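Over in TrEMBL, the protein carries these features:
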- 73-153: domain 'Cadherin' (DOMAIN)
- 154-262: domain 'Cadherin' (DOMAIN)
- 263-377: domain 'Cadherin' (DOMAIN)
- 378-482: domain 'Cadherin' (DOMAIN)
- 482-599: domain 'Cadherin' (DOMAIN)
- 1-27: signal peptide (SIGNAL)
- 599-628: transmembrane segment (TRANSMEM)
Amino acid sequence: MKLGKVEFCHFLQILALFLCLSGMNQAELTRSRSKPYFQSGRTRTKRSWVWNQFFVLEEYMGTDPLYVGKLHSDVDKGDGSIKYILSGEGASSIFIIDENTGDIHATKRLDREEQAYYTLRAQALDRLTNKPVEPESEFVIKIQDINDNEPKFLDGPYTAGVPEMSPVGTSVIQVTATDADDPTYGNSARVVYSILQGQPYFSVEPKTGVIKTALPNMDREAKDQYLLVIQAKDMVGQNGGLSGTTSVTVTLTDVNDNPPRFPRRSYQYNVPESLPVASVVARIKAADADVGPNAEMEYKIVDGDGLGVFKISVDKDTQEGIITIQKELDFEAKTSYTLRIEAANMHVDPRFLSLGPFSDMTTVKIIVEDVDEPPVFTSQLYSMVVSEAAKVGTIIGTVAAHDPDASNSPVRYSIDRNTDLERYFNIDANSGVITTAKSLDRETNAVHNITVLAMESQNPAQIGRGYVAITILDINDNAPEFAMEYETTVCENAQPGQVIQKISAIDKDDPPNGHQFYFSLTAEAANNHNFTLQDNKDNTATVLTKRNGFRRQEQSVFYLPIFIVDSGSPSLSSTNTLTIRVCDCDADGVAQTCNAEAYILPAGLSTGALIAILACVLTLLVLVLLIVTMRRRKKEPLIFDEERDIRENIVRYDDEGGGEEDTEAFDMAALRNLNIMRDTKTRRDVTPEIQFLSRPTFKSIPDNVIFREFIWERLKEADVDPCAPPYDSLQTYAFEGNGSVAESLSSLDSISSNSDQNYDYLSDWGPRFKRLADMYGTGPDCLYS
């Protein structure tokens, strides 16, 4: 009878279970035939049982506990006096024992991949005394493996590469699968490999898992990537085995198996003749199916009539050939160029030379287009010379320019005034002749660099530029002079022939053979008795004394005129004055003081004049002190003595703060009684004497007269006030007039009235109210009592 796949698997499990049970029964029967014996004291009792290994099948799926084996001792007579106990790994939790019969069962599903065996200890005890009747014995329960784990690719999925065009059998990559089942038992962990996807391009070694190429000449340009599916199956690949798969992505890497090819056999480009040098004319590219370094190319011009006019280089990023201009193009000289260009691979693989040459050729034709060009000067730089003595209108030189176009338009010339701001030069618009327009001075500017503009008559927008350097030739037009401002001194105790100064000269001119100066004293100074001059013949001269002893009191300064002549043609001369001061010197001849004012002053001013000057200075000082003193007194506060009798008054504050003592008092009664003759207002810078005025009575006067008189009196007071400002000012007064029935309601006037009110209680309010208590109280110490 032919078994199916499922039935065969069940048959194998039943067979394995049968073998396991047979082994356990054998283990039960295999015991020592020796009888147990007892030993008193130190006598050793010989073990009467020996254990072998027990086996139990993993992944048991039954509902009842799985029988593992049976323990039995020769001491056990079957009367129930012996009980069996179990200890060790998994005792009670996984494995249990019947204490009466010694049967061992597994209560849980076991997995060999989690734990392959368990070590336990068994012992037989007397049930009554609970003492061991046999020594404890150790045994092992091994978990019997079944094929319950499929192979796994722990490193998958995989990626690999292999060069294109590789021969058959080229190794690509090795894949490895692992199986968790027991490799020492059966074929559960024996794996074989097969390819499920990727044929016929690749194959795999069944035992090693090495993937190899299976077809020759695989072309990356046709297909560059393949996806493989690899299977690993245990049980040596037999039916009923478990399997696992993984994917392998294989990429064909490039090799240089494709030569470059131009898409076209010829190209044509038009360029204007005005295109600057180094400009790009065209870009061409040869196609290459390869990538990376295998597609790198180099271009070169191998033939044609533009070898010196154009050049070609490669763009490293795009592998294009870039044609650029090396020389200026001229339509009038040549209208077209033909170039023969080659493109070749830089890295050639000798294995593929049979495919043909790895280079290609193309033709490039360049057409030069005519453009309207500006005039061109015959020289890029003109050099001209002119003497600085040249008169206005002197011809310096000529520039020439022409229109390079076929029309040959006439040219007009002008000077760019930005390069000739002072307008030293002119140019003839038609002939290009340059002339002087002003007198020239080489010492101001030795070289003039000007720009000449040439423009077409028919198209003034086309302007060419030429550059002219005009050098000014020197003439002897500057007289020599001292090289510096000399500060010359002579000691009062100088001896005859003593050198007091060495002088030199400069000249702004620049003679071709250098300067040569001649020094001498002027005719009027040649016979002086004080100093002489010696020409050193090296463009310097020395000043010496002719007598001994100089006195500052007699003459403190000497002026020595020196005549200097140059060697120009014609020669020029100048007279320069050397100032010599007489000084008091120390023993080493070093000047200490050259001040002669102490001797000159008495001769200029008399004693009386000096006294008058000093008197004026003292007078000014006294005036300044008086002004300062008056200002300080004016700013002092007018403080009243607390012991003085103070009546009611209006307080006017001149300064911010200052307290109640900083006041100016005037009589309110006087303000209210207009019929009383008023005294002239006292000065504010003098402490006033306070007058005790009783409140007078006066006749009623019409209001308009009262106000008129009030204003008039205040005006007179302001006019005679010495402290009033020396300019017109606004005077503000508050006056209600006379004739009120209630008269004044002000408490300031209550002191002069016959009021019966008692203010003695103010004394009980503390020191803050002492002033009010003194003013209004009636005590024996009151100020007004």
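Note: Cβ is positioned from N, Cα and C throughout, glycine not excepted.
Note on the domain 'Cadherin' (154-262): DSSP counts are 3 helix, 45 strand, 61 coil. For the domain 'Cadherin' (263-377), the DSSP counts in helix, strand and coil order read 10 helix, 54 strand, 51 coil. Averaged over the domain 'Cadherin' (263-377), the predicted model has a pLDDT of 92. Secondary structure of the domain 'Cadherin' (482-599) per DSSP (helix as H, G, I; strand as E, B; remaining residues coil): 6 helix, 53 strand, 59 coil.
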